[in-house]
Structure formats: structure tokens, C-alpha cells
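I have placed the structure first, in the form of C-alpha cells, so that the comments after it can refer back to it.
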Amino acid sequence: MAISRRSLHAIILTVLLLAATAAPSQSGSRSRSRRKSERQSTNRGRDNNSIRGGVAQTPESSPLPALDLTPQPPMEKEEPDTLAPRASRDAPGTPKVPAMPGVTPEPSGNASEPADPAELRADLRGLKGSSDDPNFYVCPPPTGATVVRLEEPRPCPELPKGLNFTEGIAVTFKENLAPYKFKATMYYKAVTVASVWSGYSYNQFMNIFEDRAPIPFEEIVDRIHGRGMCLSTAKYVRNNLETTAFHNDADEHEMKLVPAESAPGLHRGWHTTRLKNNPTGSAWIHRHGTTVDCIVDEVEAKSSYPYNEFVLATGDFVYASPFFGYRDGSHSEHNAYAADRFKQVDGFFPRDFGTGRRHGSPVTYNLLTTPMFTVGWNWAPKRPSVCTMTKWREVPEMLRAEYGSSFRFTSNALSATFTTNLTQYSLSRVDLGDCVGKEAREAIDRIYLEKYNNTHLRVGSVQYYLATGGFLIAYQPLLSNNLADLYVKELMREQALKPEERKLNATTDGKVITTTSSVEFARLQFTYNHIQKHVNEMFGRMAVSWCELQNQELTLWNEAKKINPSAIASVTLHRRVSACMLGDVLAISTCVAVPAENVIMQNSMRIPSKPGTCYSRPLLSFKHVDGEELMEGQLGENNEIRLDRDAVEPCSVGHKRYFLFGAGYVYFEEYTYSHQLSRSDITAVSTFIDLNITMLEDHEFVPLEVYTRQEIKDSGLLDYAEVQRRNQLHALRFADIDTVIKADPNAAIFAGLHGFFEGLGDVGRAVGRVVLGVVGGVVATVSGVSSFLSNPFGALAIGLLVLGGLVAAFFAFRYVMRLQRNPMKALYPLTTKDLKHPSEGGGGEEAMEDFDEQKLDEARSMIKYMALVSAMERTKHKAGRRGGTSAILNARLTDMVMRKRGAKPKYEALPETDEDI
């Protein structure tokens, strides 16, 4: 049976102690000073008990007296001290010196005294040793009725580990969610038919019909890409009826393509018409107008696996494969339209409408007509334009380990573990997977040259494995340069592949590998493998070490059982037994426990009847239960009571022994009991081997995503936000939304006059321009006045002006009437005022008599000259305002005439006083 290393060392120590009985050792566990003090204390006790020469004088024939541990009264004569203290369950931390007859024992160093640090330490040591078994065991000699044997060595397990650990370079591939993207061009004519009701001052749409018509192949090739022109008519079929729309309801003619308004994030576009035809005419008449806008719009197209259709950025679906054509077997691709709706042009030179030039290199151009538009795109073969797999991560250090029927690829850089089968995955099974081998070889070659070119060798070719979760792993095994022989073995394994198997793999139908959107399972697998590897290696090493240790210790057990069979049998059977060798087996008998208080030790190991011979183990007296008679025996090993007292040896000088007695030890010196010790008083040498377990190392996880947000966004064919954005920007790019056409009732008249004069030829056009200009000016003036009067603020202003004019006319009329009645009073109101109020000193008649006729004539002349001066100043002022030369000359001529007219009657100054007259 398996035992611990500590038990084995205990057996070895027991063997050493047995060997020491034949050659007594002079060593002890205490220092010289302590042994000296103990020896002095012991000698004082011996002197009090009449022990001489260190040998107790015990009559050989005298029977053993009654055993007791209580102190005996002093004796008058010398008696042999035959009793040692009784083994008890007292705390071993307080050892007692045996009380001899007639002697009061001295207090020992461990006696109860006031608080002392040494005593506290002793008590603690006593508590530590109190857990040992204090019982004694009586083991009868085995008779052979029960025999046992030791088990044979067991086979030890192997460490759980992976097989064929291989390092290498790996490139992981995932499912390609991104659709195939290419540039396409839409050709169509936007047809708008509007029905307008014209009122006198307003227009009202009665109906607006909008439609899209595809452009024929010939017009696209010859006119649009040939000359950058487009026809003004649109011929298309609706409800199985062929119809034709004419731009501006005029005859067919060519229109030039002009660039559309640019918008951020959109491709280029061209069209022919910015303003739509809105028919207007005389009031209260229904009119209809047609607009045809030829549009060439570059858009982005997308197609996803299996590439049977594609969708344009406008949201329009085309139910044909982008790889359909008439070259290289592409006619087998899907096409849901009739044959006459598709045309493939070889050697086509497309026109760049931005620069007006045609491309220098020819292309194969596909044209497909749908009911609403014609779409064109550059044809390309399906292989290698698309690939169902795309490269995910490059792993320079990938470890491959074989676990059972699977490979586990572990990468610390990714913190992930991928599980695959042991068999390789053929690339021929991947539909449209040509890019996998090419990209894998390029990445592996680059990593190998950068990192492993001088230290490792490649083992065979690149291997491919399909991992759980839909990841395809391209793995290149590597070997260090000193393992070239393994490289040769790997080459032999590669060459051992049967040709039939290779042919079978090459003809396997291809399929698409579906990859999960999350890699958390690989992260969990990596975590589990990381913990499993650490735990399994730790416990595996422990199991192997434990097994090997048991097998090695079994040899020691077989040898130790020959020396002390009882100890080996007791430890093995986990109970106290007595054993002896019967050939190659152990005969055992069960030991009976004896309470410690029923065991008494004698304090002398000398044999009185045989001088020079002593017992090698102390003598005991015991009884199984209280009330029975005492039985004699000898202390054996490990508290065993031997019923025979046959353990003797020649007496030697300087004898010192420690014997396990109950829960402590007893010390004999010169074959005489000295004192008792606790187990804690003896320094223990530990045989325990510490188990050094390595703690689990820390590992940080890094974020790892299979598909980015942009890849997930691009995985769908239709982007609702992009479609709505493009459709709402269509009106801004291909129409003028800022120009406003208002209702004009005279537009019909002008249109009729314009048509009339246009029919008269060049002369009619010239006359028509003059007539239309004059009529337009008159109409504009009348319209302006009419619109001003129709405005409430204008009418209010006119009313205020009229009212102000009436008030001014009234005051002017009054002034004129005053001038007619009394000009002087009107002109000189202050002068005439004195005439109405004469001076207080004179009467009226006398005043009238003061007027002189000559002075009156002079007054009349003065008034006349004042009128002339006023007229000259007005003429000069008007000439200055006009600022012209003719006006200035006219003013001067007028001045000369005025001066000449007034030359005869010269003006003379009036005298200052009446006396001067």
C-alpha cells in the first residue's frame, strides 16, 4: 500500500535508532550547559536516595513493590529506587522530576511561577505536542493466522499532452461577404408630359405624366459615344403599344449632352435639358407640353454570390449576371431577358463625356435593355474577378497540436484556438476560391523571408484545413535547421499521397464556406485549452511523480520490513499491529490499547543479578483496566509494551537515552531515570517536501472581430440610405429648380406674333424684332402701372398724391385771385398795411395829396425792372441746371435782349430825402 514520504523517513529514523542501541551515541539534543545543570540536579536527587555510582542497588530476588507516583516519606535506611513517575495525560509542557522516597522534589524550570516568557513558550510547546496519542499498546506475538504482503510496483501514467506539436506560419481566411462591385452606366430618356390650365393671372397643372424610356443600342454607340449627341425623340413601348415622345412637341433633332450638377459622393452624369416644357397660352385654355431629357448617368453596381443578378445604386435590379456574355463560355451565366435585349460590343472605345475624348484602349462592352433604361458595363471574366473567401489574419507564429482526432491551431497573438480535422481541405472544394492559394502563398513567402529564412526550414507545401466556425487555415509547417531529418519524413508523407485521392479531390464539386460573424467560440476554446494545458500538466506531473515515488519507496519498504516488521505493518494497515516475518510474508496480530494512567515506568534499567548487563529499554508495569493486577513488561518503540523483558545490552559508561513515553519523552542517563520532557522540547526535523505548484499565468485578451462594421454594411446589395439620397438628389442634378415661370396672359400673343414674323424670312424677323420690342415696352409699361395700382400700398400712395395736389391747387387758385384783385397787396402786404393805417397826426385827404405823379412813374419803372431781373435770374438758373452749352448760350442771349429792351428808360436812384427833390 502507498505511504507518504514522511512515513518513509520515520521508518528510516527508526532503523537508525535501532542501530544506535548497539553503539551508543554521545550526542544529545541539548546544549552542554543544560546537560550539566540536568546532571547536577540528577546527582542531588541520587544523593538523597542513597544511589551510589549511578547504579541502583535493587535485590535481584525482591519482588516489585506496589507502583505509585506520589512522593514517598523519608526512609531511615537505603532502599533501591525502583519506580519512575506514572505516565499520565497531564500537559507535557510541565515536566516533573520524579519524587524519590524521603526527598522533596525541587521545583523544575517548567514549574508554575509568576509570568515568565520562557514559561509561556514552554506552554505553547506543550500545547503543540498534546495532540499526539498518549496511549500504550500491548501487542501479542503473531502466530501466523493472518499474513499480508506488499503490493508489486504499479505502472505510472504518462503526462496528458498533445501529439505532434508543430510550429509554423498560418493565414486565416473567412467568408467574403462583400459583393462584387463594378461601374455601370445608365442610358435613358426622361419623358414628362404636362397638362396646364391657364387662368388670367395663374396656371394650374391638371396632370403630369413622367416615364423613362430606354435608349436604343445604335443611338448609344453611334451618337452618344460617337459624337456626344442625343436625339430629341423617345420611342418606347408601354402596354404593348409603341409610342413616340417629341421634345417641346417639335420635330426630331439632335441635342448636346452637358454635364449635370455635381453632388458629393456621386458619380458623374450628363443630360440635354434643364428646363421642362410648361405650355402656357391664352387664358381659359387647356394646353399640353412634352419634355424629353436624354440622361447618361454613371452608377455603382453590386452583385453577390451566386452572381445571377446585380443592382444599381438607384435601386434598380437587373436580372442578369454581370459576367454574362458571348466570350470564354460566359454564355452559361444567368440572363432573364430575351436575346435581342442584350448586345456585347467587342473593340468598343467608350467616350469620356467630361473631356470629350474616347479611350485609347478598346474594351468589351455589354449593353442590356430593360423596360425603363439601358445599362452598359465593361465585361470581365468571372475568374479571377470574384472570390468567395477573403484573407482575415496573418499569424507569423501558429502552433499546431494533435489531440485525438483533431488538430488544434493556437495563436497567442490572436488569443484564439481553432479546431480542425486531421485531414486537409482541398481548395478545389471551395467554389470560386482561386484567390486563397495565391494570397496564402504570397503572405507565407513574405513572412518566411522576413522572420524564418535563417533559422527554420519549410516542411512540404502549404496545407489547408477547415476550422470550426467556417475559417479556412492555410498552414506552412516549419522545422528548425537542426531537425532536418524530420523534414525528410514530412516530405515522404507528402509523396505518399495516392494519385487517385488527388484526382478525386480535384473533381469534387465546389461549395461556399460559411463563416460565423463571431469568433468568441475560438476565444473560449483558447481559454479552455490554456487552462486545461496548465492544469493537466500540473496534475500530470504530480501523478507521475507520486507514482514513481511510491515505486521507489516500495523497495525501502521491503527492506525495512525485515528490520522492523511491526512498524511497517502498522503504518501500512493504519492501525497498531505486531508483525514478524514468516518467510516472504508478514504475520500480524492486533495490538490492544492500554490507557496511559495504567502504565508505570521503573526508574532503573540495570539488572541487579547480572552486573555489567542492563536493559536497553525501560521496564514497565501496567494493567488493562482498573482493579486488575499489574503485569510486567518492557517499553518498546512507539509506546508499545513488550510482554517480554529480553531487550538487554552490556552496560556502557556515559549512557544517555531518550524514550517515547506516552505523550512525551523520558530521559535516562547512566541507565537511570533523569526527567521527563515534552515533545515540543525536542527540535523536530521535518521530512515533509513542499509541493511547488506554479500559479496560472496571466493572459490578456485583445478585441478580435471577424467582420468590421464597414464589411457588414457592404454585405448587402441595397443601401437604403444611399438609394434615397441618390433619388432625392436626382432633381437637383438633372433639373433647374431655381428658375420660376409665372403666368403671362400676353405670352400667347407674343408667341403668335413671333411665329408670324418668323414665317416672313429674314426681313420679317428684323421687322418682328422692332415690333415685338415696341409692343413689349408698351405692354410692360401698362403692366407696370396696372400692377402698381393693383397693389394696396400703391393705391394708397396715389390717393395721397391726388389729395395733396387738390390742396395745392386750392391754395394756388386763391393766390392768383389775390394777385388779380390787388397785386401790390399780394406782393407787398407790409407796405400796403401802412396805407390802411395812416399816421395819427394827419388826415386821409392830406395824405392823398402828398402823392407825386413823378414818383408814381418811377415806382412803375422800378417794378418793371424787378420783373426783368427776376426773368433773367430764372433763365440763368435753368441754364445752370441743364448744364449744356446751348442752354448757357440761350441764357446769355436772353440777358442781352432784356438789357437792350430796357436801355431807353434808364433807372435813376431816388433821392434820399424830400428836400433833394
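Just so it is clear, glycine is given a Cβ too, placed from its N, Cα and C backbone atoms.
Between the listed ranges 281-288, 433-440, 617-624, 705-712, Swiss-Prot ties the annotation region 'Involved in fusion and/or binding to host membrane' to 281-288.
According to Swiss-Prot, C547 forms a disulfide bond with C156, chosen from C139, C156.
Bond annotation: of C387, C580, C591, only C591 is listed by Swiss-Prot as forming a disulfide with C139. In Swiss-Prot, the motif 'Internalization motif' annotation falls on 907-910 of the listed ranges 255-258, 779-782, 907-910. For the ranges 196-202, 294-300, 308-314, 371-377, the feature annotated in Swiss-Prot as region 'Involved in fusion and/or binding to host membrane' maps to 196-202. Secondary structure at C435 (disulfide bond), as computed by DSSP, is helix. Taking the C-alpha positions, the distance from C651 (disulfide bond) to C139 (disulfide bond) comes to 27 Å. Cβ crowding, taken as the number of other Cβ atoms within 10 Å, peaks at N421 among the glycosylation sites N421, N453. Under a cutoff of 8 A between CB atoms, and with a sequence separation of 6+ in the same chain, the neighbours of C156 (disulfide bond) are A543, V544, C547, E548, N551.
Tertiary proximity for the transmembrane segment (793-813), restricted to same-chain residues at least six positions away from its ends with a CB under 8 Å from its CB atoms, involves no residues. Of all the disulfide-bonded residues listed here (C139, C294), it is C139 whose C-beta has the fewest other C-beta atoms within 10 angstroms.
Calculated from their C-alpha atoms, the gap between C294 (disulfide bond) and N453 (N-linked glycosylation site) amounts to 62 Å. Here C435 (disulfide bond) is compared against the disulfide-bonded residues C139, C230, C591, and the shortest C-alpha distance is to C230. Nearest neighbour of C387 (disulfide bond) by Cα distance, taken over the recorded positions C139, C230, N421, N453: N421. Secondary structure at C614 (disulfide bond), as computed by DSSP, is strand.
Spatially, by CA atoms, the recorded positions C139, C230, N421, N453, C591 include one closest to C614 (disulfide bond), and that is C139.
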